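Report on the following structure.
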Ligand SMILES: Nc1nc2c(ncn2[C@@H]2O[C@H](COP(=O)(O)OP(=O)(O)O)[C@@H](O)[C@H]2O)c(=O)[nH]1
Ligand SMILES: Nc1ncnc2c1ncn2[C@@H]1O[C@H](COP(=O)(O)OP(=O)(O)O)[C@@H](O)[C@H]1O
């Protein structure tokens, strides 16, 4: 039987660096993961390409896809929908390839319910002061929105123990190395468990 791929979910509070770390992982030549491109109703930013950064959808189209059960998870985030297409992820895992999702925490929770065998990694800030300066430094938020995101972040940080691993995003390249090492170790662990099980069956 062909081995299914591993579903890798990277999540964490807004501004912690999820997008930055994900882009760094996918800029590496030897990355063996398939990135699942999300759908969103937010408008494309300058330089973003439909089908590369996101599949950009109207609110009506997105709601139709929700009705048709075409998402593994979706969430409303700062006034827009974001969702992970189910079929692409299922097919790619069936082909034995690892799929990488970079999503916010409400979505990660829904994925955990549907794919409990996934690998869930929480990206954490070195501390709250640094998180705030990253959100402010990005220059995309108003003062109110920074306050909102910091309040949300406190609640989200309290949920990190629901994840398999926590990686502190202190330096980008170190965070990337840790994520790659975790995936490698997890593959080895799963292979070992399977081998032990097969050996046990053969002994009987
Ligand atoms: N639940 C969920 N969140 C997503 C998905 N795709 C992206 N996100 C998250 O949505 C948030 C907003 O993304 P974006 O609008 O690109 O802005 P960013 O804050 O610059 O990353 C980020 O936390 C992403 O991780 C998805 O398919 N599902
Ligand atoms: N390890 C890091 N050290 C310093 N700044 C970082 C680090 N990782 C990300 N950043 C910066 O923090 C800001 C938020 O990162 P971003 O990837 O947009 O976060 P998220 O996708 O989690 O909302 C960006 O300005 C980014 O350049």
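Positions of Cβ are set from backbone N, Cα and C atoms, glycine also.
TrEMBL annotations: computationally assigned, not manually curated.
Here's what TrEMBL has on this protein:
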BINDING   12, 13, 14, 15, 16, 17, 18, 19  ATP binding site
DOMAIN    5-184  domain 'Guanylate kinase-like'
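Overlay of TrEMBL annotations on the structure.
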{"residue": "12", "record": "ATP binding site", "Cβ contacts under 8 Å, 6 or more apart": "18, 105, 122, 123, 124, 156, 169"}
{"residue": "13", "record": "ATP binding site", "Cβ contacts under 8 Å, 6 or more apart": "105, 125, 131, 149, 152, 153, 156, 157"}
{"residue": "14", "record": "ATP binding site", "Cβ contacts under 8 Å, 6 or more apart": "104, 135, 149, 152, 153"}
{"residue": "15", "record": "ATP binding site", "Cβ contacts under 8 Å, 6 or more apart": "125, 131, 132, 134, 135, 138, 149, 153"}
{"residue": "16", "record": "ATP binding site", "Cβ contacts under 8 Å, 6 or more apart": "123, 124, 125, 131, 134, 153, 169"}
{"residue": "17", "record": "ATP binding site", "Cβ contacts under 8 Å, 6 or more apart": "123, 125, 134, 169, 172, 175"}
{"residue": "19", "record": "ATP binding site", "Cβ contacts under 8 Å, 6 or more apart": "102"}
Request  = Starting from the Cβ centroid of 12, 13, 14, 15, 16, 17, 18, 19, which together make up the recorded ATP site, report each further residue of the same chain whose Cβ lies within 8 Å of that point, ordered by sequence.
outcome  = 123, 125, 131, 134, 169
Key: Cβ neighbours of residue 18 (ATP binding site) where a neighbour is any other Cβ within 10 Å   = 18
Task = Return the members of 15, 18, 19 (the binding-site residues) with CB less than 6 angstroms from at least one atom of ligand 1, or none.
result = 18, 19
